[in-house]
């Protein structure tokens, strides 16, 4: 069988299981109201939590950065591509989100995936043991696999199980690794307990705050700041394409850790640096996030979250108990979840269907992603469409059962 035959068979299998992904094309800027596939829609799909992706100040900064630094960096960070914009941003990030450390330093990456690969592969290797939450992001998991470290997975957020694994470990280097906000459930890791376990067992704690940075904590400084946590053995990863509204990611840690990443992190060394204009725009984003406007946007988002929690309980499906901008609604089967997504699409609402392998089999769900750009009128439209779709689904199931029993 040829490679193409094998791939065609694989695609057919995905179709049969309701697992093939399809891209949609956005014709306008990322916002609550967009033109997608030629239609006007209200989007509940993006991670633009503060509604900054189309913010005029960020757009202007991006254009200014391009005028000043050009359209590309021209090389890797170690071979000519590290601009003043990158260096300034790293200093700003360390000052903004590095309050957990006495000697914080930041390192900017082109993507969150690359930042997580760097942290896993450069800080752990043969002889090290990584203790990983069962629901960690795929980029962390891939980094662990590449690290060649021993990996022990503990049940989601189960600190007792983690403590038992740490007690039994004789590894010289131990890394506890966890998302802060879990991207498909919206719950927050038990960070206080994780820090305590790390310190008790001489381990380091690596946290991925992709969905918390900019939203959680005072001035949006992140999940560690929200929990008022400090420790010399913390490594903090954040992303800049979600709440920050631009692109890229960063690692903040003790300056020695960051210097080691510069020397040994392959996903930092062997890639072209992001355009300086991107870093310039992120600097503008940090000013908005930390200012009065950022506070107002976070307050509005918090109100939207509480309203959404209430409206999801009015459907026939199972909401996940989330207090973050990620509001999942578990339906179960792939086909039923896709049908629900299509029903919402007919109402001009884009709510993505999340299916395996992103979530466990049998827990396919709609993932409602909220933004400060949404209005309460947008939520009213969502509620009406969800109730209609869930009632129709329940009626269809009931009719099928009656037919089977006849």
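Backbone N, Cα and C define each Cβ position, glycine as well.
Swiss-Prot annotates 112, 113, 211, 239 as pyridoxal 5'-phosphate-binding residues; of 101, 132, 183, the candidate listed for that same site is 183. Swiss-Prot lists 21, 137 as binding substrate, and of 337, 358 the one it places in that same site is 358. With residue 112 (pyridoxal 5'-phosphate binding site) as the anchor, the candidate binding-site residues are 21, 137, 358, and the one with the nearest CA is 137. Cα separation, residue 113 (pyridoxal 5'-phosphate binding site) to residue 137 (substrate binding site), rounded: 9 Å.
Here the Cα atom of residue 137 (substrate binding site) is found 11 Å from that of residue 211 (pyridoxal 5'-phosphate binding site). If you take the C-beta of residue 211 (pyridoxal 5'-phosphate binding site) and look for same-chain residues 6 or more apart in sequence within under 8 angstroms, you find 47, 49, 179, 180, 181, 182, 183, 242, 324, 325, 326. Taking the recorded positions 21, 137, 242 in turn, the residue surrounded by the fewest other Cβ atoms inside 10 Å of its Cβ turns out to be 21.
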